Amino acid sequence: MKHLLSISDLSKDEIVGLLDEADRFKEVLEGREVKKLPTLRGRTIFTLFYENSTRTRSSFETAGKWMSADVINISASSSSVKKGESLKDTGLTLSAIGADAIIMRHPASGAAQQLAQFVAPGGNGPSVINAGDGSHQHPTQALLDALTIRQRTGRIEGLKVVIVGDCLHSRVVRSNVDLLSTLGAEVVLVAPPTLLPIGVENWPVRFSYDMDAEIADADVVMMLRVQQERMQGGFFPSHREYATLYGMSKEREARLKDSAIIMHPGPMLRGMEINFQVADAPRTAVLQQVSNGVHMRMAILFALVAGSDATI
């Protein structure tokens, strides 16, 4: 595996292998006062973010540093991108400096694929990891979500996973649908008609407008943020109506199965898609998702950058 651009880049065995590797990193680091491994010593990793990020960027940086890599952060707002430099020239510059991997977030769907073609023609050059491209894909988020589900429930195959919210603009939902369906979960999308993707009837999912009917027997309920920054018009009448119909209220949380878990890729809009208290409830796995993000991204960097003879 040279790049990680989309969940479709991975076979089922490769997905399971990354989940297992992330669990191994967690086990190795647990209880260590100094969280440092020599695995990527001498490697140089650039994070190149054209959009804001807290969880993804900081967890990739932490993952690289815990593996002894040199991690250099590039923000579009403070780089030559601000002067009009193209994605191609930015990528080639980082490659010429000596990048072993470039982790990129970009507002344009397909940008990660383009960058990989620019910097690694014929497979020679740095690895590219997609940290989110427009509303297209966010493969590392789907992998850490799957890791969290497996840790909480012991399995993924046969589970009913209900994803609620802005499915139209979400790159997270696309990656999760690809991954969870590959691993044998039943995936149901719940959203108002205006926030379901075009062509969703061809996806390996069911879709519904009725949240209460679908979450009653769900094993996992994943709430999505309403991405107002990607909306040009009115997709629903009001925030209050949206919260009433599609928010995870205390009443809805109380009606879930005892074993059901609640997830959210973040950032959360408390009081809109999820109740303030529900966000902190024991069955809510949000902070576990965040901590798993570091271990999963360590596993990804290990697979792409460390080399075939490397050991943890």
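Yeah, the Cβs are placed from backbone N, Cα and C, and that goes for glycine too.
The DSSP secondary structure for ARG55 (carbamoyl phosphate binding site) is helix. Look at Swiss-Prot and you will find ARG55, THR56, ARG105, HIS138, GLN141, GLY266, PRO267 tagged as carbamoyl phosphate binding site, backed by sequence analysis.
Look at Swiss-Prot and you will find LYS83, ARG171, ARG225 tagged as L-aspartate binding site. For ARG171 (L-aspartate binding site), the same-chain residues 6+ apart in sequence whose C-beta sits under 8 angstroms from its C-beta are GLY132, ASP133, GLY134, SER135, HIS136, GLN137, HIS138, GLN141. ARG171 (L-aspartate binding site) carries a helical DSSP state (H, G or I).
Apart from ARG55, THR56, ARG105, HIS138, GLN141, GLY266, PRO267, the residues listed for carbamoyl phosphate, the same chain places the Cβ atoms of SER53, THR54, ALA131, GLY132, VAL172, PRO265 within 8 Å of the centroid of those Cβ atoms. Secondary structure from DSSP puts ARG105 (carbamoyl phosphate binding site) in a beta strand.
Only PRO267, from the binding-site residues ARG55, ARG105, PRO267, place their Cα within 10 Å of the Cα belonging to ARG225 (L-aspartate binding site).
LYS83 (L-aspartate binding site) sits 19 Å from ARG105 (carbamoyl phosphate binding site), counting Cα to Cα. Long-range Cβ neighbours of PRO267 (carbamoyl phosphate binding site) (same chain, at least 6 residues apart, Cβ-Cβ under 8 Å): THR54, ARG55, ARG225. Counting neighbouring Cβ atoms within 10 Å of each of the binding-site residues (ARG55, LYS83), the lowest count belongs to LYS83.
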